[in-house]
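Engineer: Okay, these came from TrEMBL:
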{"type": "DOMAIN", "residues": "2-137", "note": "domain 'EamA'"}
{"type": "DOMAIN", "residues": "147-289", "note": "domain 'EamA'"}
{"type": "SIGNAL", "residues": "1-21", "note": "signal peptide"}
{"type": "TRANSMEM", "residues": "31-52", "note": "transmembrane segment"}
{"type": "TRANSMEM", "residues": "64-86", "note": "transmembrane segment"}
{"type": "TRANSMEM", "residues": "92-112", "note": "transmembrane segment"}
{"type": "TRANSMEM", "residues": "121-137", "note": "transmembrane segment"}
{"type": "TRANSMEM", "residues": "149-165", "note": "transmembrane segment"}
{"type": "TRANSMEM", "residues": "177-197", "note": "transmembrane segment"}
{"type": "TRANSMEM", "residues": "217-235", "note": "transmembrane segment"}
{"type": "TRANSMEM", "residues": "247-267", "note": "transmembrane segment"}
Amino acid sequence: MTGLAIAVLASAMFGTSGAFADALMATGWTPGALVTVRVAIAALVLTPFALWSLRGRFRLLRAAWGQVLSFGAVAVAGCQLFYFNAVQRLDIGVALLLEYSGILLVVLWAWLRHAQRPRRLTIAGGAAALGGLVLVLDPGGGGLDPLGVMWGILAGTGLAGYFVMAARGEGALPPIALAWSGMAVGAAGLAAFDVLGLLPWGTSTADVTLLDRPVPWWLPIAGLSVVAGALAYATSIIASRLLGAKVASFTGLLEVLFAILFAWLALGQRPGPWQLAGGLVVLAGIALVKADESTTPVPAHDDREVDVPEGVRHPVTLGPPGIVDGRELPHEALLDSEDGVGVQIR
């Protein structure tokens, strides 16, 4: 499966969270309780798979402790906390639009950090994707709560941080291990907010309505935690490492389209013609960004031989940044050996 296909799959799984959460909140669940339970269960589900991926190499966790803490605090707990605070003061469409404007920060990060100045196709694709997203979300008129706007912008920075940190391969920490450790940190942080009373806490064991029929409360909780939590985060990190932060973040816009589709199927919230048209524009914008990434000029190969650390099974030939043995890798790709030692391409 290609990186783009994995990213689409991750977006589809993330997109189910809205339908599950909406059905649960209708019975009395609060956003704070939902996100805490979601992250905690997701961390538990990923535990055996993360331990298997580490194979006793816990030094990788120690080496990547900074990445794990920042990922859990910013990309998991912070992003969701900021978003739900925005939803309390803004229409969900406006809050989502503000959050997904964070992909522009990813482009800015690539420019400032890696000197990857956005080219015309990326600029055009970004404008088209955000313009289409406006049509999809249909925020409507009326005044905006300044504090809600601030929370939405903070959610956007959290989303940008998620894609940037997920795309990093430093320390050779396996994607599932990063998702698991980040979830554990995020769950601990959210639990602390709950104990301090910063997140209103409310749960319910009443049946919820999905697909026009009652289902037990634990079923959407399982979907929110396993499908939209553990599986979605793990596959999204894999896609981000294969595609790079920029393409992965723009592809992540598909989550909004999937969210509307699942809300239509599960809750009967049918999208209007403008939303359908906006979805096509979003897809066109993603295609432009992906095309720009695919047509990036590659400098001539200089066949430099480098020494590699002990543990790598065979040496590699490095060309320009991002080229290994004549194959183009996504930015910041990492060649990992079985014991976690590899060569990082910057």
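Every residue gets a Cβ built from N, Cα and C, even glycine.
No curator has checked TrEMBL annotations; they are predicted automatically.
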Engineer: For the transmembrane segment (217-235) and the transmembrane segment (31-52), decide whether they are in contact, meaning at least 3 CB pairs lie under 8 A, counting pairs 6 or more apart in sequence.
Structural biologist: yes
Engineer: Report, as numbers and ranges, every residue of the chain located at least six residues beyond the transmembrane segment (149-165) whose Cβ falls under 8 Å of a Cβ in that stretch; write 'none' if there are none.
Structural biologist: 67, 70-71, 74-76, 78-80, 82-83, 85-86, 89-90, 94-95, 97-103, 105-106, 109, 240, 245, 248-249, 252
Engineer: Can you tell me which recorded stretch out of 64-86, 92-112, 177-197 has the most Cβ pairs within less than 8 Å of the transmembrane segment (31-52)?
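Structural biologist: Answer is 177-197, with the largest number of Cβ pairs below 8 Å.
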Engineer: For the domain 'EamA' (2-137), provide the mean pLDDT of the predicted model.
Structural biologist: 83
Engineer: May I ask for the residues of the chain that lie six or more residues beyond the transmembrane segment (92-112) and have a Cβ under 8 Å from a Cβ within it?
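Structural biologist: Long-range Cβ neighbours of the transmembrane segment (92-112): 79, 83, 86, 118, 122, 126, 129-130, 133-134, 137-140, 144, 148-149, 151-153, 155-160, 163-164, 245-246, 249-250, 252-253, 256, 331.
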